[in-house]
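Chemist: Sharing a structure, written as structure tokens. Questions coming.
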């Protein structure tokens, strides 16, 4: 990374650290992450591995291998990633879990679909996330192939078989118990299901409250399946403020400076249930004695950034850096489209996804933030348990 880029991000991060709730992270660590974490394989990782289950916010290439419209394996996606080439990540650069992995001292973990033919290191973790995937099986079906939460858990079982071949049974048990699980799902169940009444019946069958209950029930089932496989350290990311993304601003013709509150309220209904789930699992006689579940308040952190953008170095909060139409969110980033010039000043990269600059802030808050960012503890604290 060039010195000018480092100082630009340093100014942004120091401002956010002094003004907002982000706990100050040592500057050498921020430089290390921004530089790509090249030495992560030579450091002692805070977790032996990280396993990621999620959607396009954390997909690092799985959908490249699927017959899906939800793919980002073309420029300008990846324009700020190493090599300036697309990887299947839905951003101009790194995702939140890319940054989290570097903060934890882990090497870049592979997409599940890149591991199926063997020859890839899976012992530091695997990413199962799939763009358009949701908690519900039918979510995102209009976009083609994708891995739902249930399917991602099934894919993990294949990885576990491979891991079990290389370790003794007791070693596998210890490895699983110490590894980190990151789950980021639920966004598509709204934007690619409930909020598309012409394609899905869910909004005519369920009111927002009962739909949130349905999501939580299915989510809990799959989460406990992962617990049953032996995982003991979980971070569960909440749904973001979907009423503020360019796609919804354009679709609902939101007034300048406003979000679609009805959509945000739906997201909060689900998030409130996730917090209650975390509390319940952390107090349950069985799970609480063996495991810890953490809620990542991505909603609150995102609202903070959108409300106080200048404190974080952002200037544009209501339109994508790459996209077409109102709010640059009616049509998402197309192949070889020309993105905005100052990408680090934009919260949103395209109609649905944030920029690398936004992802870095969220990752830092998850890593070393207060209880308002990660509840009941942050990732740094979780690693010491």
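Each position is counted from 1, following the chain as shown.
Just so you know, glycine gets a Cβ as well, placed from its N, Cα and C.
Here's the feature list from Swiss-Prot:
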SIGNAL    1-35  signal peptide
ACT_SITE  56  active site, nucleophile
CARBOHYD  218  N-linked glycosylation site
CARBOHYD  285  N-linked glycosylation site
ACT_SITE  350  active site
ACT_SITE  353  active site
CARBOHYD  368  N-linked glycosylation site
CARBOHYD  378  N-linked glycosylation site
Chemist: Tell me the Cα distance separating residue 378 (N-linked glycosylation site) from residue 350 (active site), rounded to the nearest angstrom.
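Modeler: Residue 350 (active site) and residue 378 (N-linked glycosylation site) have their Cα atoms 29 Å apart.
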Chemist: Between the Cα atoms of residue 368 (N-linked glycosylation site) and residue 56 (active site, nucleophile), what distance do you get, rounded to the nearest Å?
Modeler: 24
Chemist: Please give me the CB contact count at 10 A for residue 285 (N-linked glycosylation site), counting all chains in the structure.
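Modeler: A count of 6.
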Chemist: Given the recorded positions 56, 218, 368, 378, which one is most crowded in terms of C-beta atoms within 10 angstroms?
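Modeler: Highest number of other Cβ atoms within 10 Å: 56.
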Chemist: How many Å lie between the Cα of residue 218 (N-linked glycosylation site) and the Cα of residue 285 (N-linked glycosylation site)?
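Modeler: About 22 Å separate the Cα atoms of these two residues.
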Chemist: Let me know how many other Cβ atoms fall within 10 Å of the Cβ of residue 353 (active site).
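Modeler: There are 30 of them.
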Chemist: With residue 56 (active site, nucleophile) as the reference Cα, tell me which of the recorded positions 285, 353, 378 is the closest one.
Modeler: 353
Chemist: State the Cα to Cα distance, in Å, between residue 378 (N-linked glycosylation site) and residue 285 (N-linked glycosylation site), rounded to an integer.
Modeler: 22
Chemist: Neighbour count, 10 Å Cβ-Cβ cut-off, for residue 350 (active site): what number do you get?
Modeler: 29
Chemist: Round to the nearest Å and give the CA-to-CA distance linking residue 285 (N-linked glycosylation site) with residue 353 (active site).
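Modeler: Between the alpha carbons of residue 285 (N-linked glycosylation site) and residue 353 (active site) there are 39 Å.
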Chemist: What three-state class does DSSP give residue 285 (N-linked glycosylation site)?
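Modeler: Coil, per DSSP.
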